[in-house]
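*Asks:* One structure coming up, written as structure tokens, with questions to follow.
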Amino acid sequence: MLYIFFFAVFTIQYFERRFDRRIRIFGSCLFVLMNILWQPICIYVPALTLNQVSGISVHTIVPLTSLICIIYTSIGGIKGVVWTDVIQGAVMVGALGFVIIKGTHDLGGLAVVLERNRQFDRLVAPDMTFDPTVRMSVFALFVGGTFFKLQANSINQAAVQRFLTLPNLKAVKQALLISLIGFLLVMAMCIYIGMLAFAAYYHCDPITTGLARAKDQVIPLYVMQSAGVVPGIVGLFVAGVFSAALSSLSTELNCLSAVVLKDFVEPYRSRPLTERQTAYVLRGVVVVFGLISMASVPIVQKLGMLMQLSSTVGAVTCGPLLGAFSVGMLLPFVRTESLLTGISVATTFTCYIVVRAQIAIATGQMNFHMKPVSVEDCDYSFEVNANWNTPSSANTYEDKGHSLHEISFLWYTLIGSLGTVLCSLLATLYFGKQDVRLVDKELVSPVLHKYWYGEYKSVVSDDEGRKHLKLHESLTQPKLDEMEQILNRYQAS
């Protein structure tokens, strides 16, 4: 558990070194909020899959899986997380690969799959519109999606935690490249499995007939019917889904425990915690937040599409955090007060858009265009609503003026991050600029060192410069340096 403490501290620590403790606490609060909102989604996804395959109630599956994850995360620490991630990743990719091969063979080959999707308008040209309300336009995917992945891979505690287990920066770059290739591969596999499911159910939609109770259960249903004849394959697929969800959950619980310990427990103690006390606190945080996530799952059940919901939750908190890191690393003249104003305004604005959109979706004020489906060739009996395939499933507001909350969820991260930067710059007009020389060069992006520090190459580092300028340094940095030395000794032993 000692590794967790050091790894998770270093990300939020940047805020205190570059600005002050107020920004660090604000960032920690956003991180905790993000986990409280996101972790129930992570638990609910595998529960839906197992429910479709086994028929066991979601309300029975959720506590069992949650307790298992809480136990191995609190006991195993970062080492347990890394090794379970390796095993879980192999299981997940292996299950996806088998389903793709088996499903394609059963349907008669790749040509049949592509033809059925093309014939029923599932293979369409990319939407090149610049309309921000279009949910999946190319512009939204490449621009908004880029900002979403940027925050996920650069400032997210879980990603940084993994990077800090690597020996050097070169290894980090290699890991990023490999993870990008792996991400694209897994996404392509998931898309193709969706095409397989439609090619299998194009004549009998399982959601309309009630065979699947939610869209997120269609793929598990397809796997069960397609690959269920091979013993163990359905279980392997379910294990893969559980692996993807629980590996992410365990990592976030690890990071969350360290952030809570460092920012919300230790500052209020008169004496430092012993190593045993630290371990107890870390494990206690894992247990408490794991139980909170488990109890919040019923709320997630009522909030609609899980992919959009997951992206939305991440954007609300990580978008402003991405903007805050960008200000810190790219704009050394911005003062603490300016950033505090900018991140507060951007977070509030993003929350308004997201909450307003969720309310509109829940009340039926905002609906998404649905392509027609068929139940003409079903070989089993079922009951459907008389209006099941009418145009009412399309957007009800197409001819009306668009509201702000109707923009695609892919833009949320961009709004939060860009809003933080712009509002911070505007606030600089009121609070004034900070002397660039007051900011340690190490805290600014190396690409901009020549631009910002070209005329002051030695001021930040030499003793003479320190006599004239009070450098902006963290009060806790000596303690952090001491902790790093302890970690090095711990690794060596």
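Going from the start of the chain as shown, residues are counted 1 onward.
Glycine is treated like the rest: Cβ placed from N, Cα and C.
In TrEMBL, annotation is done automatically, which means it is predicted and not curated.
Keep in mind that what you see is a predicted model, and the values were worked out from it rather than measured.
In case it helps, TrEMBL gives these features for our protein:
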type	residues	note
TRANSMEM	25-47	transmembrane segment
TRANSMEM	53-75	transmembrane segment
TRANSMEM	136-155	transmembrane segment
TRANSMEM	176-202	transmembrane segment
TRANSMEM	222-246	transmembrane segment
TRANSMEM	280-300	transmembrane segment
TRANSMEM	312-332	transmembrane segment
TRANSMEM	339-361	transmembrane segment
TRANSMEM	409-431	transmembrane segment
*Asks:* Below 8 Å between Cβ atoms, which of the listed ranges 25-47, 53-75, 136-155, 222-246, 409-431 makes the most pairs with the transmembrane segment (312-332)?
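*Replies:* Out of the listed stretches, 409-431 contacts the transmembrane segment (312-332) most.
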*Asks:* Which stretch from 136-155, 176-202, 222-246, 280-300, 339-361 shares the most C-beta pairs under 8 Å with the transmembrane segment (25-47)?
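*Replies:* Selected stretch: 280-300, with the most Cβ pairs under 8 Å.
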*Asks:* May I ask you to check whether the transmembrane segment (136-155) and the transmembrane segment (280-300) make contact, with contact taken as at least three Cβ pairs under 8 Å and only pairs 6 or more apart in sequence counted?
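*Replies:* No, the stretches stay apart by this measure.
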*Asks:* Name the range, of those listed as 176-202, 222-246, 280-300, 409-431, that has the largest tally of Cβ pairs under 8 Å with the transmembrane segment (339-361).
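*Replies:* Stretch with maximum Cβ contacts: 409-431.
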*Asks:* Checking distant contacts: for the transmembrane segment (176-202), what same-chain residues at least six beyond its ends satisfy Cβ-Cβ under 8 A?
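*Replies:* For the transmembrane segment (176-202), the far contacts come to 92-93, 96-97, 99-100, 103-104, 107, 112-114, 116-117, 120, 122, 153, 218-219, 222, 225-226, 374.
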*Asks:* Is the transmembrane segment (280-300) packed against any residues at least 6 beyond its ends, judged by a Cβ distance under 8 Å, and which are they?
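*Replies:* That would be 1, 4-5, 35-36, 39-44, 47, 58-59, 62-63, 66-67, 69-70, 73-75, 249, 253-254, 256-258, 260-261, 265, 273, 306, 309.
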